[in-house]
């Protein structure tokens with residue numbers, strides 16, 4: 001309410017009461033002003049009424065919400081369902097323009113402001129998470145795989161002769177298909193086994209660069225966050241190799257924002273060598289619905305080139321979701337979640353080790369993986385060929401989601417490429433295993449219930465194995481007796 005309307009209100013309600021009400025509103029407006037001036041995530045989270053006031057203020061700046069607006073174009077922000085309109089806070093125009101996802105829309109000042117603020121706040125949070133020298137980022141309404149494809153397509157214009165992408169193997173389909181979709185040929189670099197860990201084969205990376213020719217390689221496509229026993233790539237060494245051979249370097253940091261170790265690797269890689277862009281998921285790092293990612297980097301013009309490569313306008317939903325979430329949490333709330341995740345990782349690790357010991361298995365030693373853990377399933381694998389996959393089914397039917405069982409010798413063909421030992425990141429990993437991760441938002445109750453149900457499933461298998469062994473012994477004894485009688 002402006003001063004003029006406040007004056008009118010004082011003729012209807014006692015002036016002191018109106019002024020008190022205006023002061024209450026002023027507190028909300030001061031938060032909005034600080035956000036607009038600084039472009040940073042507030043330290044303390046906002047209450048829902050302040051956030052909704054802010055979104056309403058943005059929405060009435062868009063032409064579809066103008067009183068008396070007359071739209072005669074083909075896209076005027078018309079929405080048939082009131083429920084849909086309310087779901088989007090009447091921010092209907094989306095973000096960007098046909099030539100640039102980061103461009104301002106003349107008839108959607110509110111949506112454009114939302115887009116700019118979201119990118120600015122997310123950049124602030126990436127710095128807070130550990131990559132302090134990042135210079136630019138933007139939210140794109142595509143998940144990680146397609147966002148990686150956008151990066152590769154942007155590099156195509158810089159390196160028109162290139163046809164190969166060097167890719168240290170990680171058995172995850174979307175990052176592999178992101179290269180195929182962009183029209184490039186992945187050069188798979190098998191990992192090397194060091195103890196229990198699968199690590200980057202730096203010698204093979206450099207050998208492939210020399211064999212193929214640096215000018216024929218679009219980029220090195222590395223990974224931070226991953227399922228154990230694979231661990232984050234040796235980013236610093238890869239960044240140095242890329243700098244030495246003048247080859248771009250794109251990092252798949254899918255759920256790495258929540259890990260200070262993954263973010264430190266990116267920061268150090270950029271410091272000592274070359275990292276052109278790193279891509280991270282919104283839902284995995286900020287607990288919002290699936291459908292968005294952040295493309296970030298250390299060279300602002302290059303990040304802008306990627307944003308201009310996106311064809312057409314884009315949905316504002318991922319930007320709106322992450323903006324609301326970060327305003328609700330504030331930096332203190334987000335840092336608290338990061339701290340809790342790290343504590344839960346330690347707890348999950350210690351408790352899973354105890355359970356493994358109880359079942360004659362072991363927690364694989366993967367100290368370089370800060371998010372995912374792996375427990376061997378050797379005893380189970382020796383029971384029968386299908387026992388390992390059956391355990392996965394048992395856990396799923398008992399409402400354990402996210403646990404991942406990996407049998408030995410699985411073969412999978414993805415876009416005409418055949419991977420031996422698929423899901424294990426190696427052709428012949430020594431044992432079958434089970435994965436569990438401590439991701440942002442996990443609670444102690446989640447860990448406790450998971451361990452209890454896993455323990456129960458493993459005991460069931462042991463009981464069935466003993467029964468089967470007894471039956472076999474009786475059968476063998478009967479057969480021996482019959483032979484003697486004969």
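Each position is counted from 1, following the chain as shown.
Cβ coordinates are placed from backbone N, Cα and C, and glycine is handled just like the others.
According to TrEMBL, the protein has these features:
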BINDING   75  pyridoxal 5'-phosphate binding site
BINDING   97, 98, 105, 313  substrate binding site
BINDING   271, 398, 463  tRNA binding site
MOD_RES   284  N6-(pyridoxal phosphate)lysine
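Neighbour density around each Cβ, counted as other Cβ atoms within 10 Å, peaks among the binding-site residues 98, 105 at 105. Listed in sequence order, the residues of the same chain lying 6 or more apart from residue 271 (tRNA binding site) and placing their CB within less than 8 Å of its CB are 133. For the pair formed by the residue listed as 'N6-(pyridoxal phosphate)lysine' and residue 98 (substrate binding site), distance between Cα atoms is given as 29 Å, rounded to the nearest Å. Local packing around the Cβ, expressed as the count of other Cβ atoms within 10 angstroms, is greatest for 284 among the recorded positions 284, 463. A C-beta separation below 8 Å, combined with a sequence spacing of at least six in one chain, links residue 75 (pyridoxal 5'-phosphate binding site) to 93. Comparing residue 313 (substrate binding site) with residue 398 (tRNA binding site), their Cα atoms are 43 Å apart once rounded. The Cβ of residue 97 (substrate binding site) has 17 other Cβ atoms within 10 Å, all protein chains considered. Excluding 97, 98, 105, 313, which define the substrate site, the same chain contributes 94, 95, 96, 99, 100, 103, 312 within 8 Å (Cβ to the Cβ centroid), listed in sequence order.
In this record, substrate is bound by 97, 98, 105, 313; the longest C-alpha to C-alpha distance in that set is 10 Å. Between the binding-site residues 313, 398, 313 has the most other Cβ atoms inside 10 Å of its own Cβ, all protein chains included. Residue 463 (tRNA binding site) sits 63 Å from residue 97 (substrate binding site), taking the CA atoms of both as reference points.
Between the alpha carbons (Cα) of residue 105 (substrate binding site) and residue 398 (tRNA binding site) lies a span of roughly 49 Å. Counting only the Cα atoms, the space from residue 398 (tRNA binding site) to residue 98 (substrate binding site) is about 47 angstrom.
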